[in-house]
Amino acid sequence: MHFYWLSESFRARFSLMTDKASNAEIERRIRDGVELRGATPWILMFAILVASIGLNVNSTAVIIGAMLISPLMGPIMGVGHGVAVYDFALVRRSFWNLAIATLISLTVSSLYFLVTPLSDAQSELLARTSPTLWDVLIALFGGLAGIVGATREERSHVVPGVAIATALMPPLCTAGYGLATGQWAYFGGAFYLYAINCVFIGVATILGIRALRFPYHNFVEKGMERRVRLVLLVVAAATSLPAAYLGANLVRDQLYKGRALEFVRREFVFPNVYVASAKVDVHARRVEVSLIGDPVDRARLDEVEARMQRDGMEGTQLAVHQASENDKLDVTALRTSLLGDLYRDSREALRQKDAELEQLRKELAQRDGMRNMADDLAQEIRAQVPSAGVVVVAEGLRKDRDSTKPALVVHIASSAPVDDESRTRLRAWLQVRTKADPVLLQVEEPPPPPPQRGQKKR
């Protein structure tokens, strides 16, 4: 019974049917998003121009804004929905509109990059030329989030978020840049990334529609169903396998680069020598190090290179430039390295200062709390010991032979003697009241009156 309740609760919480829109409403939304007519082509052209400008000036915020207004998701989801319900008329119409949208995007972005005076490839452009397996996963999971959001009763912000996450616009603009400048490697890499996004958003849409148990539009023979699944499998594999290969290369290159830089930090530790810069050329298997300070003799450098070969970097060439040699140091690299070290040192110093300030704030807050507590304790002690005058409350340290513990010290100046029972009761109350252990209670009593001298006899 308990297991049944848990399973029903789990099913109710994660059911996609809970707030699902009607099938007719979902069909209408997807079919409306497929058409590329009226204002939609103009919105697409303006979005492409905005994205191209953002890529040209290396502005991430502008690129995100262009992705928010892009209408490219509609035809892709239309293809996926058509395949899922075997509505091949919708598939053909969606493909046709997607092809038109792609052609418009390539044309507009190419025209922009032909006329813009800024011709250098910025980092936002270069980031769209080397797709990997992670781009496949982003498109797949983003597409799944998109189809779940698009099938809800209330339209949510999920679909615009998917357009940003999957980044359909920037690869098309980068492909236009490659066309305009004749850099076919840029065009091929960016268009491949665009194809990955299209294919796996479509695959995610198919999976989502089938999970929602949409009815087929036409009667489908088993043979046709098997052929459709085979085509989907072949297209998905053909799209993802190169990305997986590129992703594996990227991971291998990053591991090699990290190992090489760690080796430089560990091995190039010599008296009065500073590593100005360290460059790793992954493809050429070459590590280039620039040193300033006292010259390091060739024999020691040969030992370092031999250790590098034994440290899992076989075949790596080590090139060392020293300020004492005739080789010119890379001044730009030196400046960059020094600025980087200065930035890191400044951040570390600021972090330490912040930690010290936070510690001082805690101490001040603790002292303020102790001051407020001392005022309250003094009044409460006088209520229990009417003869109490001056009350001193302070934090102290109790040192034993083997340990040192914090302790609360309470000093009471009493105008009358305080018996032992009252002291014990007061000490126990202070421990409960202040939650301090131990409590050192000191009671200063008035001295006894001196004995009266006998009167002299006359």
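Placed from the backbone N, Cα and C atoms, the Cβ positions cover glycine too.
If you check TrEMBL, you get these features:
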- 343-370: coiled coil (COILED)
- 437-458: region 'Disordered' (REGION)
- 38-55: transmembrane segment (TRANSMEM)
- 61-83: transmembrane segment (TRANSMEM)
- 95-113: transmembrane segment (TRANSMEM)
- 133-151: transmembrane segment (TRANSMEM)
- 158-179: transmembrane segment (TRANSMEM)
- 191-209: transmembrane segment (TRANSMEM)
- 230-248: transmembrane segment (TRANSMEM)
Give residue numbers and ranges for long-range contacts of the transmembrane segment (191-209): same chain, 6 or more residues beyond its ends, CB-CB under 8 A. 73, 76-77, 79-81, 83-85, 98, 102, 128-129, 131, 135-136, 139-144, 146-148, 151, 162, 166-168, 171-172, 175, 232, 235-236, 239-240, 242-243
By a Cβ-Cβ criterion of under 8 Å, what residues six or more beyond either terminus of the transmembrane segment (38-55) are in contact with it? 61-63, 65-67, 69-72, 100-101, 104-105, 108-109, 112-113, 122, 124-125, 169-170, 172-174, 176-177
Can you tell me which parts of the same chain pack against the transmembrane segment (95-113), counting only residues 6+ beyond its ends and a CB-CB cutoff under 8 A? 34-36, 41, 44-45, 48-49, 51-53, 56, 71-72, 74-76, 78-79, 119, 169, 172-173, 175-177, 179-181, 194, 198
Model confidence over the coiled coil (343-370), averaged pLDDT: 76
